[in-house]
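Below you'll find the structure, written out as structure tokens, and then a few comments.
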Amino acid sequence: MSVWDSISFNNRFTALPRLFYTPIQPTPLSNVQWIAWNHNLANELGFPSFENASEELLETLSGNVEPEQFSPVAMKYAGHQFGSYNPDLGDGRGLLLAQVVAKSGETFDLHLKGAGKTPYSRMGDGRAVIRSTVREYLCSEAMAGLNIPTTRALAMMTSDTPVYREKQEWGALLVRAAESHIRFGHFEHLFYTNQLAEHKLLADKVIEWHFPECLDEDKPYAAMFNEIVDRTAEMVALWQANGFAHGVMNTDNMSIIGQTFDYGPFAFLDEYDPRLICNHSDYQGRYAFNQQPRIGLWNLSALAHSLSPLVDKADLEAALEQYEPQMNGYFSQMMRRKLGLLSKQEGDSRLFESMFELMSQNKVDYPRFFRTLSNLDTLPPQEVIDLIIDREAAKLWMDNYLQRCELEDSSVAERCEKMRQVNPKYILRNYLAQLAIDKAERGDSSDIEALMVVLADPYSEHPDYEHLAALPPEWGKAMEISCSS
């Protein structure tokens, strides 16, 4: 019996009209081999034991053999890239292989990245390489471990097919799992090409599949947009609170269900730098860390324009006006949790602002600061103060913080225990990802496996992996990553 016979399928996207996609077969790589298999995610999706099915999974998920349940397609969409509309986008190197029903009952897309040329590849070769594949695999799972809405990564494979970038590299594959691959750019494409019947059909399906509660509203399309605004606001707020820079927030990289999507030149903050630009192709700093909240609104405004045939202008504007207060609310809530403050008090905003000023002026390591603060039940406050060059300013902030904590009902031990549940000891620093890439390119997946242990549970101590909590070496600080993959 095939491994796929034990899995439930729901290939609903390919039931849409053909203008939404182009059926196409993956172009196989030669001598495909496993780099990694995400056992936890596979279990959630209802896959059988990997040990009993690894060969068949390798052949089918790599595109070398197509099970009868698969219907591989390349999606068509458009989008605004660095502020300019580009109509010629679509899945240029990825294919939606199939949609499976997880144990939870939710439908998940299985998407193969690096599958070869499609009608939307433009000048690209349709391939992915090990470095970009490892980065997306690790970051997807790091974000899931941090409870930030995200697509997931099921598997990675490598090959001996040469791929040419700045140098010769080896072709690789990533199997992404997501509840949806529908992007803001799907609606933009249909709107700007005046395919309004299909535009309405897509909105109907998005509501049916992802926002069924909107069906009961007087204005279901307006309710859908309200939900998209809220989810996007929460996602961006969680990025900011966790020090995550996406790097390329084009509208074709924005998920309609508010999940972090398309990992490329991302970075987690090491030293706190609100102006961090992690994408070396972002010459103007459009997608700098501190610009992400603004760009979230810009992208939602672009989506709102594309939804204007379905939603009244006043309803669109009302939803957009809610974005900033929603995002600020989610952000403040998360910052209170990170500081162990369960109640709202006058002056909290100033406490946050002075903390960020202190970290920025003194180049304080962002995750190390919060993790140390979470251990004040066993450490003296001086341990936090010593992280900061300006000791006098640090002591003043610490005194204000401890006074604020006195307004809480909880004990120091209770407060710190809760803080350790939201302030990770382990994050995917770029230097750690690069070390894992270097080993993977030599056929050694041990760093990937170790990182997967701590990133899946970043709040625990993991004493055997203490080295993965180390600050970056000089060469690993403020690394800029390209979109090349």
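Backbone N, Cα and C define each Cβ position, glycine as well.
Here TrEMBL flags G90, G92, R93, K113, D125, G126, R176, R183, D262 as ATP binding site. According to DSSP, D262 (ATP binding site) is assigned to coil rather than to any helix or strand. With a cut-off of 8 Å between CB atoms and residues at least 6 apart in sequence, the same chain places V248, N253 near D262 (ATP binding site), listed in sequence order.
Following the DSSP three-state reduction, the secondary structure of D252 (active site, proton acceptor) is helix. The active site, proton acceptor feature in TrEMBL is assigned to D252.
What TrEMBL records for N253, D262 is Mg(2+) binding site. Cβ neighbour count for N253 (Mg(2+) binding site): 21 (other Cβ atoms within 10 Å of its Cβ, all protein chains included).
Here the C-alpha separation of R176 (ATP binding site) and D252 (active site, proton acceptor) works out to 17 Å. Using Cα positions, the member of the binding-site residues G90, R93, D125 nearest to D252 (active site, proton acceptor) is identified as G90. Taking a C-beta cut-off of under 8 Å and a sequence gap of six or more, D125 (ATP binding site) has these contacts in its own chain: R93, K117, V163, Y164. R93 (ATP binding site) has a Cβ environment of 21 other Cβ atoms inside 10 Å.
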